[in-house]
Amino acid sequence: MYFNLSSIRGGIHPAAHKDLSAALPIGSLPLPPRLYLPLRQHAGAEALPLVKVGDTVLKGQLLAFPPSEVSAPVHAPTSGRIVAVGPIDAPHPSGLTTTGIILESDGEDRWIDLDVPADPFAEDPLVLADRVAEAGIVGLGGAIFPAAVKLKQGTRHEIKTVVVNGSECEPYLTCDDRIMRERAEAIVDGARLIQHILRAYSVVIAIEDNKPEALAAMRAAAEHFGAVEVLAVPALYPMGSAKQLIQAVTGREVPAGGRSTDVGVLVHNAGTVYAIQQALRFGRPLISRVVTVSGACVKTPQNLDVLIGTPAQALIDACGGLTGTPERLLLGGPMMGAVLPSTQVPVIKGATGLLALAGHELPNKDPAPCIRCASCVDACPMGLTPLDMALHARVDDYDSASEYGLRDCILCGCCSYVCPSHIPLVHYFQYAKGQQDERRSAARKTDHIKRQTEARAARQAEEEAAKAAAKAAKEAAKAAKEAAKEAAKAAKAKDTKPAGEPSSEVES
């Protein structure tokens, strides 16, 4: 089994800055006194709380359940007591709050009894997919799409290749690099379990060629499995995007508006694969993840294994604190991450990194008018025309922007990076996509209300018709009963008339 690399469109080579954190092993930090757990750390519907203030919980216990398939549960990262269910700081640039659960640790870190399968390879694939769903696993590369939904979609297609995404193309981020170096055997095991669930022919573990240690570790772990190939791909941003990685590894292009399953491929991030392996081998839900803490303002940049819900400040403290006031604090990478309003916001499932960047690490020029140089067109990995999309997105003409491919934009930021006028193109597209999502959500809500109203009216009409029918039947039954009584009375009178009594009729 051999895969030949194909080239992808566009792409850029930003300064990597990965050497800041890649050299040190994954570290840990003390158990936080409180954990702040948003109920929506995933794509889809917000999880619904199962606990109330005052409840005591154990590590791994289910705290909130998913109301629909496209959602994910939330589990307790440690044992302790629920002290609040309500608004908490959201890891979002707006600084707004979100609904969450605050868990006060008891310091004992006591686990629940875990349900551990004897041999997951002997389990039915859909049973394993359900276990992944119950573990609350989402895409840990930043997409945060529920992993089990992708697996179940895959079971409805012929999946030829499982791709483990170890490219990690975002600058500064090295969490996947360190996981692949230190937990290679578990990742290969997880990839084979996914292969079993999907009945796929082969597994490709794709790693950018600027990670020689990770490549060596993964090749050593995979050498005894003929269906697993470790492949070095060029270090090019955004190689970590699923569509670009699929094209590079398999030569197949995912159609516009399509999914990877349409071309017989399913992609999972290396960290996600590790989480799946932990769930299927040991019954552990997703309650922690590895996070890169880096940037010029961090004293000792490194990767940390962090409980979900840990405040960002605790990660900074574990790295020796800050050497200065950061110009920008990001959750995620510099290309696609979100600006944090403060260091009190919690780490969530999709948090790949926590970056404290100094001014010299950021573009500092004011935007100028577009000179229509088409640099953004050349850099776009999706083959779009960002300058035309931006022209319409800036004036809220989202329909026209969509005609130029807004829906296919992956928000990678390549266009903004190469723009000589320093126009924040990707910000326009993020805003436009957000507005489109809100419109679609409002339309779905209106349609849902309309259907509910129509269903209620139809139900009321049925109830009224049923009441009318019941009333008519009751009246008919009453009339029939009265008629029967009258008939019985007449018959009785006839039977009791004396013999020989003259008829009341007068003969003519």
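Any Cβ shown, glycine's included, is placed from N, Cα and C.
TrEMBL labels come from automatic prediction, so no person has curated them.
The model shown is predicted, which means the values in this text are computed figures rather than measured ones.
Cross-referencing Cys409, Cys412, Cys419 with the [4Fe-4S] cluster 1 binding residues that TrEMBL gives (Cys370, Cys373, Cys376) picks out Cys419. Using a Cβ-Cβ cut-off under 8 Å and counting only residues 6 or more beyond its ends in the same chain, the domain '4Fe-4S ferredoxin-type' (361-390) has close neighbours at 8-12, 17, 238, 241, 243-244, 295-296, 327-328, 334, 401, 404-406, 408-410, 412, 414-425, 428-429, 432. For the compositional bias 'Basic and acidic residues' (439-498), the number of residues in each DSSP class (helix H, G, I; strand E, B; coil) is 57 helix, 0 strand, 3 coil. Taking the C-alpha atom of Cys409 ([4Fe-4S] cluster 2 binding site) as reference, the shortest distance to any of the binding-site residues Cys370, Cys376, Cys419 belongs to Cys376. Listed in sequence order, Pro420 are the same-chain residues at least 6 apart in sequence whose CB falls under 8 Å from the CB of Cys373 ([4Fe-4S] cluster 1 binding site). Apart from Cys380, Cys409, Cys412, Cys415, the residues listed for [4Fe-4S] cluster 2, the same chain places the Cβ atoms of Gly10, Cys376, Ala379, Pro381, Met382, Leu384, Pro386, Ile410, Leu411, Gly413, Cys414, Leu425, Val426, Phe429 within 8 Å of the centroid of those Cβ atoms. The distance from the Cα of Cys412 ([4Fe-4S] cluster 2 binding site) to the Cα of Cys370 ([4Fe-4S] cluster 1 binding site) comes to 20 Å. Applying DSSP to the domain '4Fe-4S ferredoxin-type' (400-429) sorts its residues as follows: 17 helix, 0 strand, 13 coil.
Each residue of the domain '4Fe-4S ferredoxin-type' (361-390) gets a DSSP state, and the totals for helix, strand and coil are 11 helix, 0 strand, 19 coil.
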